[in-house]
């Protein structure tokens, strides 16, 4: 009985081997139609989201720590996620004799380079489960940091958005009711009343244009927020501000030290670990300083001295690094450094929010109060005329 269908495989030879394993005799093999590719690309893209990667790496680590062989663990997860999941390609590569790190690199999963470094270190030391657990832990820590920042900014964003909406409602529905005062030649209106009433009348007469402009602004903001260059520019701008600058500094050093510690504790060589940790830095100044540190360490200088010369860490951080170098526990002391800066980052963020919320309330109150005062002044001037 003839059967027809599609099969996920690296090439025609791999597809033929899979069919023979299933006791099927291939008659004709060829690349699948292009229509299948978008679904496969979409599945790979979904599997490469940060939360999906953290969960996937954690699942593999759990199975390995439980004593399940690597091929069996990958097969179990590939069956659970479906034939189109990139893990299916990883499983075929492993069964073909490829190392796990190479299989992951060619799977289509958008793994950070440091994850592959940890996997290679785990393979060389025989502690793959622990290395994957460390990778999953760092991925989860990065997700938690991003989530905390979003949650912290949620209330101020809602507050500011509500204030803008309330202002628009006042201008469009309330202020125009008093716009007739502008046509009274006897009314001696203050300049602020003339401005507010005129603006409210104009907004009412051009509601379609205003609505279109607001919609375009929203779309533009959403689009810009998804652009890496825009986010990078916003981060650089935040680093120059008085209150946000210290927060970005502590947040950057915390992420840098956290990955550096994870790589060192997983027996990744110092230079490779330092190079991968430097890739987490986003600010140009910090990246330049970190590149200088890497160059000097590669030239034979001690890490603590290179960090001191580049002024990448403060005095407390440098002392931790020196202690780690002397005691031979650099990974542990760098991890302590990461926790210290993470705590400082959270404190700085809370301090910023403590200032932002009352400032937002004050600005909204001033705007709405100014509108109401201008309307009341207009009414008063009209009453004086009568």
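The backbone N, Cα and C atoms fix where each Cβ goes, glycine too.
Those TrEMBL annotations? Automatic predictions, nothing curated.
A mean pLDDT of 85 is what the model gives for the domain 'Type II secretion system protein GspF' (59-176). Annotation source TrEMBL lists domain 'Type II secretion system protein GspF' at 59-176 (among others).
Within the chain carrying the transmembrane segment (153-175), a Cβ under 8 angstroms from the stretch's Cβ atoms is held by residues 196-197, 199-201, 203-204, 207, 353, 356-357, 360-361, 363-364, 367-368, 371, 375, all 6 or more beyond its ends. Residues or ranges marked as transmembrane segment by TrEMBL: 153-175 (among others).
Residues or ranges marked as transmembrane segment by TrEMBL: 195-225 (among others).
Here TrEMBL flags 257-377 (among others) as domain 'Type II secretion system protein GspF'.
As annotated by TrEMBL, transmembrane segment applies to 352-379 (among others). Residues 152-153, 155-156, 159-160, 162-163, 166-167, 170-171, 174-175, 178, 181, 187, 189-190, 192-193, 195-197, 243-244, 247 of the same chain, all 6+ positions outside the transmembrane segment (352-379), place their C-beta atoms under 8 angstroms from a C-beta of that stretch.
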Structural state census, the domain 'Type II secretion system protein GspF' (59-176) (DSSP three-state): 97 helix, 0 strand, 21 coil
